[in-house]
Amino acid sequence: MRTRRHAGFSLVELMVTIFVLAILAGIALPNFRDFMRRNAVTTATNHLLADIQFARGEAIAQHMQVTMCGSTNGTACTSSTPFDAGWVVLCNAPAGASTVAGTALSLGPTCPTANTVMRVGQAAAGMTMRGATSLTFLPTGGLDSGSVATVRVCAKASDGDSVGSNTAKVPGSLLRVDSSGRPYASAMAATDTCN
């Protein structure tokens, strides 16, 4: 008598496979979410850093004062607005000034009038960028304040959070601009907060 050979998976084999996949997914998904949040912090920091370098470079190259500030509308600085709302880079000069810190100011083709928007930075979803709300670079490349400015970039744990968090799994980024105008970024210390 010939027996028929059955091919395929048995119900027990299929259940064991699904059980193993469920365990692996349970382990991988939380780590994947942390990976995505770490990547978002790095991306947001790099975008902010690039625009800070652009503002400083334009101040030096065009021999004018350039400000980067928080903006909610993308057309002008919004008073005391952190960078997590978005930002603008604009050329400016103090009213009636022809020199700043002994350096002659000029408005040229890239800046035909004071407060001309040169670049607009978009807010990153799920991020907070707190600290300095504006940076003004002199034609020498230095900050007009003469002191160090800092911005803390942190990822929010959930959409309902108002401020991001700095954790061991998803550390925030500390962006510093020294008095000479040179920006640099580093990971936040474990004790640093994102407020």
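Every residue gets a Cβ built from N, Cα and C, even glycine.
Mean model confidence for the domain 'General secretion pathway GspH' (44-160) is a pLDDT of 84. Among the features that TrEMBL reports, domain 'General secretion pathway GspH' is placed at 44-160.
As annotated by TrEMBL, transmembrane segment applies to 6-29. Listed as Cβ neighbours of the transmembrane segment (6-29) (distance under 8 Å, sequence separation of 6 or more from its ends, same chain) is no residue at all: none.
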